[in-house]
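Record features, source Swiss-Prot:
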- D327: active site (ACT_SITE)
- D238, H351: Mn(2+) binding site (BINDING)
- 1-15: topological domain 'Cytoplasmic' (TOPO_DOM)
- 35-412: topological domain 'Lumenal' (TOPO_DOM)
- 16-34: transmembrane segment (TRANSMEM)
Amino acid sequence: MMSLTVLSPPQRFKRILQAMMLAVAVVYMTLLLYQSAYGYPGIQVPHSQVDALASEAVTTHRDQLLQDYVQSSTPTQPGAGAPAASPTTVIIRKDIRSFNFSDIEVSERPTATLLTELARRSRNGELLRDLSQRAVTATPQPPVTELDDIFISVKTTKNYHDTRLALIIKTWFQLARDQTWFFTDTDDHYYQEKTKGHLINTKCSQGHFRKALCCKMSAELDVFLESGKKWFCHFDDDNYVNVPRLVKLLDEYSPSVDWYLGKPSISSPLEIHLDSKNTTTNKKITFWFATGGAGFCLSRALTLKMLPIAGGGKFISIGDKIRFPDDVTMGFIIEHLLKVPLTVVDNFHSHLEPMEFIRQDTFQDQVSFSYAHMKNQWNVIKVDGFDMKTDPKRFYSLHCQLFPYFSFCPPR
């Protein structure tokens, strides 16, 4: 005959507590498995998260209101050479009166509406879920970055279509044809066909001056935001991009985290002085910026924070206010307004540094290269291959060094 065991109240309480702990553990493990497999496909960023950011960008500068603009010239970049460590700040005298950020429109429509539209247009529904991962106790591993996750933009102009653009199309563009877009200032049916529709006429002014540069960068940023890609990488039309190395680099970082990857061309931060009539002391802003001539990359999480401040053409307005070119304006927005530091990646290279010092046995490790023709001399890499008359910019020789299977490469 079976006997019933009567548990005392403390024993019953202990059993109930054990059952509850088991249930919590099962639910927790289920959530972890679901998160790792599916993420958060339906997530929307709350109003407060982005509105607070936009508010900070406006209100933190209201105490610095001054009276009028005083125009000043754009500073020239320092000469070539690797930046040396220096405690001295580079001081750019920029006497701007009435530096007023209260008149920068944060958003013409509610932020949630803008982000909802971005999510709907996105070809990858899981992109926005990454924004909440830092608030989760058990954060999954960063997602693997593939070539198709990257939006590569190249800034060019009509006068360089037959020279710089043609050289890129024959070389590294062939490794990223679906991911690379050229931003120019005219219609060109020939190169529109050569790029399979990847030539965008920004309607910006022609020329290499501040207004035109900021206009094109603004267009690049807006097109990226609509693309749904995880990474935005900007390059100039005198850059050679080592596409596999770029993918490998970005795979080391998560697009869900605020990343500003690039390389400065100066050895210390840029300092802008703001003169005020209302105070006895000058205001100053200090920040780093990645030089556009070497290329730089932004994570999607960071660009979404930039959206209310610089999206929809507002990038141009900020460039007009500080009166600096596009790459400096980008650094001002990211480092100064959003307080996201530049992460220096030495594998980016611009024509402002001597190319000959990049060793041939390290070519496969570099992300970008460049060239320049100054004072009747070429600033180019030293690489075996075609002669200087055939390949003065050394891009064909470099390409064949990295990818010898291309048809125009000489047999080894």
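Cβ coordinates are placed from backbone N, Cα and C, and glycine is handled just like the others.
Bear in mind that the values here come from a model prediction, so they are computed numbers and not experimental data.
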Name the secondary structure element type, per DSSP in three states, that contains D327 (active site). helix
Around H351 (Mn(2+) binding site), how many other C-beta atoms are within 10 angstroms of its C-beta? 23
Over the span of the topological domain 'Cytoplasmic' (1-15), how high is the average pLDDT in this prediction? 64
By a three-class reduction of DSSP, D238 (Mn(2+) binding site) is assigned coil
H351 (Mn(2+) binding site) - helix vs strand vs coil (DSSP): coil
